[in-house]
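Participant: What follows is a structure written as C-alpha cells; I'll ask about it next.
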C-alpha cells in the first residue's frame, strides 16, 4: 500500500513537467554512476584475490557508506519526504504497520537502489574469495546492511525533526551542521593525504574493528566465511539486525511524536524596544547612512545574513572553507609561487560570491514585498551586494593577511588581496545573473532538512554553473599572475588592479542584471515561491 | 466616477489549468469591495495580477488610472497590499518590518517612526517588543501585514483573506480600521469566503467561481432580497442537502 502510494506520488510529480522528468533522469544517472563506481571498488579486490584489500574495502567502504547514509541527508540533501508521517496521523494505522510501510517506501528510492547495486560488488568479491557459500552469506549481509542504512537515516532525520520543532533549537542545530559540513571538505583532503602516505597493512587492524561495529558488520560477513571464521557470521548478522531493530524502534517512537506534532511556543524575549522604528531597523554600525530605500534594503539584508539560519550557514561555509582550503593547498604543498596562491585565492573569492547564487530563494515569497513596493532592480542588487560584502569583505581581508603571514611573505598581501577582490567582484557579477535567472524555491516546512526531490540535483548543478562562471570571470587575474609571476611591480600593482577589476565587474553586473531584474520581477517571485 | 481599480480581460493559465478566464473588474473609488468565491475560484490569482505580483497571460489592470504593468511605479505607490499565504520578511521585529516598508516607500523617517508607533499601539502589537515576526501567532502576522500595507497611507488597499486565521477580537479591530479607512476616502478590495463579514462590511460584491465573475454589483443588487449565502451557493453551484442522502447520519 505504502509502496504503491509512493510510486503514484512520484509519478504524479512528473505529470506535465518535462524538466522534472529530466531532473529525475539525471538523478538516476548519477545514482548509476555512483553504483558502478562502488561496485568496482567493492568487487575488484575480491576478483584480484587479495583478502586484505577486500577486507579494507568492505570494512571502511561499508562503514563510510553507512555513515554517509546517516550524515548526508542531514547535511546536504534533505530527506525525501514524499511520504510525510504527519499525513497519516488521522488514519487508524498501527505503528508497526506504519513503520514497515514507510521503510518499504524509503527502500524504493534512487539512493537505496544505488547502494544495493554498489554493495552487490561485495557479493562478487566474497564469491571469488570463498566460493558460493560466502557469496550467499554476503548477499544476506548486503540486504541487512541496506536495511540498516535506510533505518538509520530515517530514524535520525525523524528524531531530529521532532527535536527541532522549536525555531531556536532548529537554528542552532542547522548552524552546528553547517560547521560540520564545512569541515567535511578539509577533513577529506586530510584523509586523502594520509591515505597516500600510510602503510596499507597497518590499516587492516582498524578495518577488522570497524567490521565488528554495526557500521560495517553486514558488509564483512562473506569475507569472514571465506577466511574460515564461520562463527563470526551469525554474530555479525545479529549485531546488524539488533542495530536495525533499535533504530526502527527509535524511529517509530519519534514518528509518533512527529505525527502528534504540536509546536512548543517559544516564549521569545520580550525586551522593550528602544528608539524609533527606523533606528531599530538600521544596525548600529550603519547609523551614518541616509535613511532611504537603499539604507532600508542594506539594513534588512545585513540583519538577514545574521538572523536567517540558512544564510548564516552559507557564511560559515565561506569562513571555514575560505580559511582551510588555502592553508591546505599552500602550506601542505611544496610549491609556493604567486601562481598557485592566486589560484587558491580565486577559489576563495569565487566561493564567497557563489553564496549569493540563490539569494532570492532565501527570501522566498517575502520577496513579494519588494515587488509590490516596486524597488528598482539596480538599487535592489546594489544593496544586496553591499550588505553581503559587510560580512564577506572583512573575511576576505583576514584570509589575505593571514595567508601572507602564514606563507612568510608579507609583501604578497597586495597580490592576495587584489586576486581575492577580483575573483569576488567578478563572481558577484556572474552570480547576480544566476540568482535572477536560476532562482529556485527553498521549502517552508517544519523539517529544516527537507528539500524537494530533484531540487538537490538543481542545487548542485546551479552551484557548479555559478562556480564555473565566476571562475571564468576571474581568469584575467590568473593570466596576469602567470605572465608576470613574482615580478615586484606586479606584487604591488596586483592589489589596486584586482580591486579595480572586481569593483568594475560588480558595477557592470549590477547595471546589467538590474535591468534584467526590472523585467523579470514577477517571474523571479514565482520561481522562488514553493509549490503547494 | 473614476475606478480605483479596473481590470479588463485578465487571463492566467497555470500549465494546463485555467485559473482566471478573462475577468473584468471595476472597483469604484470609495467603495468597500468584497471578492467572494469558493476555494480555488481564482481570487488570489486575480488579486496578485491586479497588484503586479503575477504577470497575466492577457489583459490589463489600472490603479486610479495608472497601468500596473506598463507604469508600475506610479500605480504601486498608490497601492497597499496584504497578500495571503505569503511570508513577510519575518526575521525582523514588528517595528523593524514597518520601518523597512516605510523606507521602501520613500517615506520620511520621522513620519515612519510616528505612524509605526501608532499602528503598533492600535493593533496591540507594541507589547511584542523585540519578538521576531516569525515567532508571532497567525493573527499577529495578519495584523502586522495590514500595518505594513497601511503605513504609507495608500489610496487603494488590496487585501487577500484579511480575516483568515484571525481571532474575533482582532477581526473586529481590523474591521474597525478598514471602515475608518473607507470613511476617510480610501478604497478597499478584499477577498473572502466568509459571507457574514462581506455582508456586514461591503458596499459592492463580486462572486467569482471557476475563474470567472458570476455576479457583480452593489451588495443589494447581488443579494436581490435574499441572503448572500443563498445567492452564493446557488451561483457557485453547490448543493443543499435534501435529507435523502447521508440518511445514516
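Just so you know, glycine gets a Cβ as well, placed from its N, Cα and C.
TrEMBL entries are annotated by machine, without manual review.
Note that the coordinates shown come from a computational prediction; the quantities given were computed from them, not determined experimentally.
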Participant: Name the residue range among A:282-300, A:339-357 that TrEMBL annotates as transmembrane segment.
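Facilitator: Feature transmembrane segment in TrEMBL: residues A:339-357.
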Participant: Test of understanding: applying the rule of at least three C-beta pairs under 8 Å (pairs 6 or more apart in sequence), is the transmembrane segment (A:98-123) touching the transmembrane segment (A:461-484)?
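Facilitator: Per Cβ check, the transmembrane segment (A:461-484) does not touch the transmembrane segment (A:98-123).
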Participant: Which stretch, A:21-48, A:129-151, A:339-357, tops the Cβ pairs under 8 Å count with the transmembrane segment (A:98-123)?
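Facilitator: The listed stretch sharing the most Cβ pairs with the transmembrane segment (A:98-123) is A:21-48.
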Participant: In terms of Cβ proximity under 8 Å, which residues at least six beyond the ends of the transmembrane segment (A:339-357) contact it?
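Facilitator: Contacts of the transmembrane segment (A:339-357) (Cβ under 8 Å, skipping residues fewer than 6 from its ends): 314-315, 317-318, 321-322, 325-326, 329-330, 333, 384-385, 388, 392, 395-396, 399-400, 403, 407, 412, 415-416, 419-428, 430-432, 434-435, 438, 462-463, 466-467, 470-471, 474, 477-478, 481-482, 485.
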